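Taken from TrEMBL as is:
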- A:22-315: domain 'Tryptophan synthase beta chain-like PALP' (DOMAIN)
- A:Lys58: N6-(pyridoxal phosphate)lysine (MOD_RES)
- A:Asn84, A:Gly184, A:Asn185, A:Ala186, A:Gly187, A:Asn188, A:Thr314: pyridoxal 5'-phosphate binding site (BINDING)
There are 2 protein chains.
Amino acid sequence: MPGLLERYRAYLPLTPQTPLLSLSEGSTPLISAPRLSAHLGVDLHLKYEGLNPTGSFKDRGMVVAVAKAAEAGADTVICASTGNTSAAAAAYASRAGLKCIVLIPDGNIALGKLAQAVAYGAQIVAVRGNFDEALGLVREISAERPIALVNSVNPHRLQGQKTAAFEIVDELGAAPDILALPVGNAGNISAYWMGFREYRSAGQTDTLPRMWGFQASGAAPLARGLDRVEQPETLATAIRIGSPASAHLARAAVQESGGLFDHVSDDEIMAAYHLVAREGVFCEPASAAPVAGLLKLHAEGRLPSGQRVVAVLTGNGLKDPGSAMRAVQAPAAVDATMDAVLASLA
Amino acid sequence: MPGLLERYRAYLPLTPQTPLLSLSEGSTPLISAPRLSAHLGVDLHLKYEGLNPTGSFKDRGMVVAVAKAAEAGADTVICASTGNTSAAAAAYASRAGLKCIVLIPDGNIALGKLAQAVAYGAQIVAVRGNFDEALGLVREISAERPIALVNSVNPHRLQGQKTAAFEIVDELGAAPDILALPVGNAGNISAYWMGFREYRSAGQTDTLPRMWGFQASGAAPLARGLDRVEQPETLATAIRIGSPASAHLARAAVQESGGLFDHVSDDEIMAAYHLVAREGVFCEPASAAPVAGLLKLHAEGRLPSGQRVVAVLTGNGLKDPGSAMRAVQAPAAVDATMDAVLASLA
């Protein structure tokens, strides 16, 4: 499969001068979920974004943002991030021959989470301040220097992310009835809605999905109708965001599509995470939020049966193996005999 | 893309009764490596097997092995493994509705490495013994119970793994001049060679590649012409094997193709690992062995220029983030001002 810039060139803000940057991002599988479908009474498919090159949906937006930065003559990109964004930025910058600077808030350094960015050759700077201060700094630096900002305020990010909607329509032959996805910074739900609408305008689908956005209960400003949550808390770190940057666009997507926001507890997220794994798909905890949401709405009698539903799994479970191990104890050793092994399984 | 059983059905040992098990494995990208190509004087492509569903090439063989186990009426599969095999076995067993038992040697339990198998729902049994004893036990149990053995002694594993050779030919339009890959248990080099030969018999390629197998210097029985290495040692854990199960087939592949075995040090492996990441591709240390081998042979004047070379990257770097972080120190924090950040980068 060609990369996204080549596959969806006609729908992206490219010029003849834009380098066709690619790490074979996109074209991720849409995997049926037979057991969850039977339980929920719907036809559920999982859009497994964890099989993007750096393991998350962020690659879709970053390939566009970095290609446009290269086109504009930048020799460096910069972002504030401690997670998936930094991995994607570092990978595409390295591929394009650009430098990459990642600012992280001091005191909140999970070195393991930066393993990818480091491997791809990013320069990591820890600043004495919180995430908002780090983001303010990268905005300031990008305004004053020939350094391209690739945080989600960069509009090319959503342009790239909308391609996932195209792929779903291309594979199903039409838009699903419901598109369920995790909501943190709220960029992705906005990008999908943009993608579905553009594809309808282009005659690729007659219908549009209802957009169902699920937040973690401890970080649910949109689902609770708040402007912001001051101290967001959830083990689904990828959606632990109190003040979504794209809140306005996300509210429009839900309203225009006749969709909804709801929130799910960490326990509900982890239960869904294990059910998704039993379908054979290993995702990040945040990715399980839409499945948790579907289970919750089903239990409340609010999930219409017979619908075709796509749940977006935004990241690979390998990004956060600790979550898989948290509930596990080291197995007690048994003697190296068949009887002992079989007895331990009884 | 359909899964492997559907895509390459005509080349696999399937019957009308074989369930078309799939997690959308295979169809992994072949990514050009422009900087390494320029340095080496060849046209190098990286076959990035880390984008398989569980993050390694093992999915190719396991989808066949588990489908055949289900067809044969097994309700359980079993393997001895502490790494990529257990993840693949657990995922496909869960998908097929089978139970999965993973035996691991006690005292050698890296819980993190088992995160995936646990998430997919495998039962883990630690036995008081070494890996060979664990393998002996799973052979014994599978012989006496209706439990299917899915370790690499299962011949369906190589049948599935050969499909990667098909994909390379399908994408390039012909076999490459050289196929370079890491060699541990030696099953994969044997499977690729089988795949290339079958595809030539089917008229899909006129030529065959030379097979270049690279071992880690501390675990290099084939490269050193030994029957076995008693205490294999390398940080590339996926190829830390002293007595390769498929040594005979691998020797035949190298001899028949006019290829070679060689070995590379851990330092050479880690240098290559970082160079591969700078191309934008994050792989396991073991996956960097063939690139390290190409660099070594180039330095020795033994890599002919102008060749089309494919290096197989067998696993995703996210399987072993510790290797990326080993050389990294926590960055010193700087004040949250533009001047301080820019000064720290100087």
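Just so it is clear, glycine is given a Cβ too, placed from its N, Cα and C backbone atoms.
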Cα-to-Cα gap, A:Gly184 (pyridoxal 5'-phosphate binding site) vs A:Lys58 (N6-(pyridoxal phosphate)lysine), nearest whole Å: 13
Same chain, 6+ residues apart, C-beta under 8 Å of the C-beta of A:Gly187 (pyridoxal 5'-phosphate binding site), given in sequence order: A:Gly61, A:Ser152, A:Arg157, A:Leu158, A:Gln161, A:Ala245, A:Ser246, A:Leu249
8 Å Cβ shell about A:Asn84, A:Gly184, A:Asn185, A:Ala186, A:Gly187, A:Asn188, A:Thr314 centroid, pyridoxal 5'-phosphate site members excluded: A:Phe57, A:Ser152, A:Pro182, A:Val183, A:Ile189, A:Ala238, A:Ile239, A:Ile241
Euclidean distance between Cα atoms of A:Lys58 (N6-(pyridoxal phosphate)lysine) and A:Thr314 (pyridoxal 5'-phosphate binding site), Å: 8
Other C-beta atoms that fall within 10 angstroms of the C-beta of A:Asn185 (pyridoxal 5'-phosphate binding site): 19
Max pairwise CA distance, angstrom, over record-listed pyridoxal 5'-phosphate binders A:Asn84, A:Gly184, A:Asn185, A:Ala186, A:Gly187, A:Asn188, A:Thr314: 15
Where A:Gly184 (pyridoxal 5'-phosphate binding site) falls in three-state DSSP terms: coil
Assigned element (helix, strand, coil) containing A:Lys58 (N6-(pyridoxal phosphate)lysine), judged by DSSP: helix
A:Asn84 (pyridoxal 5'-phosphate binding site) CB neighbourhood, other CB atoms within 10 A: 28
Listed binding-site residues A:Asn84, A:Asn185, A:Ala186, A:Asn188, filtered to Cα within 10 Å of the residue listed as 'N6-(pyridoxal phosphate)lysine': A:Asn84, A:Asn188
Number of other Cβ atoms within 10 Å of the Cβ of A:Asn188 (pyridoxal 5'-phosphate binding site) across all protein chains: 29
